[in-house]
Structure formats: structure tokens, C-alpha cells
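Database features, via Swiss-Prot:
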type	residues	note
BINDING	HIS129	substrate binding site
MOD_RES	LYS242	N6-(pyridoxal phosphate)lysine
Amino acid sequence: MESDIKNETSFQELDMILTQYLETLSERKKYHIGYPINMCYEHHATLAPLLQFHLNNCGDPFTQHPTDFHSKDFEVAVLDWFAQLWEIEKDEYWGYITSGGTEGNLHGFWLGRRELLPNGYLYASKDSHYSIFKAARMYRMELQTINTLVNGEIDYEDLQSKLLVNKNKPAIININIGTTFKGAIDDLDFVIQTLENCGYSNDNYYIHCDRALCGLILPFIKHAKKITFKKPIGSISISGHKFLGCPMSCGVQITRRSYVSTLSKIEYINSADATISGSRNGFTPIFLWYCLSKKGHARLQQDSITCIENARYLKDRLLEAGISVMLNDFSITVVFERPCDHKFIRRWNLCCLRGMAHVVIMPGITRETIDSFFKDLMQERNYKWYQDVKALPPCLADDLALNCMCSNKKMHN
């Protein structure tokens, strides 16, 4: 596709370029299974007329805006919805709609470091999102990287060991509610208990929960542990464009109002501002508000259940075929052996790490899509990659432990 910028391009040529681009996107959408994006938002076309305006939610969502071209009322409605979901009263929380999960993480650690525990050490598992380590570098925080269990969950013994060694320093802790690659969920209650066992008082630690992917799944699943502000956590961030679905990248950050104590009053925008960004997208609050209003708790619960069931369905199919595979409880991320062919990986938009690949089962990924992927995978495995009896699938014992199905499986036990 020719998309270089030329002077005075005709409308006909522009339309031709965009039409070709749209056709490519529509075709590739069928194969987008490796990254957590919900593309089921055709109904958002209803909101297209808004694009004739510029909407900017600059500054604090809860303060007056100097112009009419904003969507702060919608933003506050979305924030109130999440505050209720995460069990914190309206007058006790503060938050805003971010550009994505990364900004939410940056804001959470900014609060933990700048406002509360300036000498605190940051504790994060090695399977945490890269933005956690970016925050440590940006804020020049002392980072304690914690080992992980084979399923990607934080290693609680290693955490305890490092907490005890650094007991003279406050702790700022990242909790993963769905790690980037394995979809692992850290046990918040166990981490809190570990802090208490190590002698940390409530005012000597700050917990940020990175719920980028699973934040809208766990609340609607029976027997899943609650992540709530009724527990001693400081902030929660979530991605809006992942499980919920939004055409533009966005996220939600919620914290305790008492933590946002030194807001900067900016005369130019007539607003206090404790956000990371200056100008903020005024469209994303409306898209999120619209989607939450259309779906409600019932549809979100159904989406959550369906995705978990479909993830188990894919796991079972791979397992029956003798393929190394792992799926965490309450997760929609299916980890399996990395395909040999880069073209296959590219065709199905798979995310890969070392000898592993994963599929993230989002709303819109149907069993028909899963069956199509599985059929394609088996065709490649049986007639191309491993047709030669000497060619063997990789051993994933180091990454998947007993979930590895390679020829050396007996040696793993």
C-alpha cells in the first residue's frame, strides 16, 4: 500500500488508499488472536458524528473545564462505575481515564513514590509488564525484581526474603492481575499477609494492582478472589481497549482521594491537575461509557465466562494433540510451544517468548476461529515442521514444567 504523503493528493486517490487499508484490516482481523484486543465494537459507529469535534479533557476530571469541548461528565460516570466495582465510595476515590495501562502504572508508582513513600523500594516480579520497569527507571526507584513461579505468579518466598533484607525501607509493590505473557494472577491476600509477617505496617507499604487485562474478568467469575479497595491497596489500573474494547487505546486509574493531596493548580486551564498527561483524549470516556452502558454487568459476566470456557477449549484441544500447553486458573491466556515457522506466527499474530507462544481468547474469538487456528497448526506440524522423525518439538520444561509434553517428559517427573 502506497501511503507516503504527497502534496495536494486528490480525494479519489486518498479514498483508494484508505479503502485498501480498510480491506487489509478487515481481512487481518480474522487472525488476530495473539494480542489482547477486543475488536467487537461495530456498534461504536453510532459515535462517529462526534469526530467532527475536538474533545479535550485536560486537567482533573472532577473540576470545571474552561471550554465546552470536553467529556468530563462521561469520564466521571465511567470512574464512578469502576469505583463501585472495586468497592470504594465516591467521596473516597480519585481517578482519571488514561491513555492506557502503562500510564495507569506510571501514575500509581508516582503516587507511591512522590506522595507517600519517597524512600520506598519497588518490588515487582520479573513477569511484570515492561512499563513497571520503565517506571522504576523514570522515577529512579530502587528496584527489587522478584522471581516467579513456573506459572508466572510472583514467588512469595523470594518476595518475603527480599522484604526482610530491606525491612528498613518502605515497600512499593506491584501486583499483577494477569501477567503479560502467561496470564498469571498474583495472590493479593497472600502478599498482604507476607508484608504483615515481615513487620510492615499499613503506612509503610503501598500496593499498586496492574489489572490491565483481567480487571474486568475476575469480578464476574465465581470463586475468583476479590481485588478491592476494602483491602489495603493504594491504586488500581486497567486497560480499556483490551477486554472491554475501544477503538482507541485507553485505560482507567483509580486511587484513594486522600493520596492525591498536593494537586497542582494550573491557571492556564483553570484546573487542578494530578494526571500524568496534559491534554487527554475526550473521545475515549464516551466510548467507554457507551460500551459499559450497553453491556452492563450481565453481558460483561457472559463475556468473561465465554472467554474462559473458550480458553479451556483451546487448551484441551492442544493437550489432546500432545502439544505442550498451560492455562492458569481464571485466565484467558493459553501458552503453548512456539510454532517453527515465522510466516505462521505472523499470519496468526502470535506473541512469542523464548520457546513459547500464546493465544489470548478475547470476546469475538469464537470456537470457529479456534478450530481454524488448530487445524492450521496441526497441518503445519504434521506435514511440514515435524514430518522428519528427527525433528522434535522444543522442550519447555524450564518454562512450563510438567505441562511440557516433549519426548523427554518422563525425565521431568
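Note: Cβ is positioned from N, Cα and C throughout, glycine not excepted.
For the pair LYS242 (N6-(pyridoxal phosphate)lysine) and HIS129 (substrate binding site), the C-alpha distance works out to 15 angstrom. Neighbour list (HIS129 (substrate binding site), Cβ cut-off 8 Å, at least 6 residues apart, same chain): GLY101, THR102, ASN105, ASN176, THR179, THR180, ASP210, ALA212. In the shown protein chains, 25 other C-beta atoms lie within 10 A of the C-beta of LYS242 (N6-(pyridoxal phosphate)lysine).
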